[in-house]
Amino acid sequence: MSTADRYRKVFPVTWEQLHRDAKALSWRLLEKGPYKGIIAIARGGLVPAAVIARELDIHLVETICISSYQWQEQTSSHKVLKTVEGRGEGWLIIDDLVDTGGTARLVREMLPEAHFATVYAKPAGRPLVDTFITEVSQDTWILFPWDSEVQYVVPLVNQPQQS
């Protein structure tokens, strides 16, 4: 399935909104802790993990590095670039988003005892995470602030109509 077919909508997230949503996630996670530390899924989970680490006063932050996207195309293969030891007991895994669940499934297999939280969740991946804040439809591309910049956009009325 091509990107054009898969993503029919774009959901832009600002730095302020991401911070607000990550803090809201922290409120939900507060009652489920305490945690030994955070395992951030790089790269998308790094910024939310920093906010959550501050809010939960967690000083130990590890990373697991998995490559699955090439721009807007999600690849079918996941490349594990860095992992962590253990089964995840007492640890909090943080990612920005669970989409199709490919990355989440792989991390769940590696760290089955960790608590898995994401800021945003799509229906296909939602069952793989324990806690999330905002659900977004499967056909929506979430445009994170680290992937965008402020620029002029043509008003909707002047844009070509999509079927």
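Every residue gets a Cβ built from N, Cα and C, even glycine.
Now, the feature entries from Swiss-Prot:
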type    : residues                                                                        : note
BINDING : Arg43, Gly44, Asp95, Asp96, Leu97, Val98, Asp99, Thr100, Gly101, Gly102, Thr103 : 5-phospho-alpha-D-ribose 1-diphosphate binding site
BINDING : Asp96                                                                           : Mg(2+) binding site
BINDING : Asp99, Ile142                                                                   : xanthine binding site
BINDING : Asp99, Ile142                                                                   : guanine binding site
BINDING : Asp99, Thr100, Gly101, Gly102, Thr103, Trp141, Ile142                           : GMP binding site
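Counting in whole angstrom, Arg43 (5-phospho-alpha-D-ribose 1-diphosphate binding site) lies 9 from Asp96 (Mg(2+) binding site) by their C-alpha atoms. The Cβ of Thr100 has fewer other Cβ atoms within 10 Å than any other of the binding-site residues Thr100, Thr103. Following the DSSP three-state reduction, the secondary structure of Gly102 (GMP binding site) is helix. For the pair formed by Asp95 (5-phospho-alpha-D-ribose 1-diphosphate binding site) and Trp141 (GMP binding site), distance between Cα atoms is given as 16 Å, rounded to the nearest Å. The binding-site residues under consideration are Leu97, Ile142. Their Cβ neighbour counts within 10 Å are lowest for Ile142. Across the structure, Asp99 (5-phospho-alpha-D-ribose 1-diphosphate binding site) and Trp141 (GMP binding site) are spaced 10 Å apart at their Cα atoms.
For the recorded site, Trp141 (GMP binding site), the DSSP three-state label reads strand. Site extent for GMP: among the recorded binding residues Asp99, Thr100, Gly101, Gly102, Thr103, Trp141, Ile142, the largest C-alpha separation is 17 Å.
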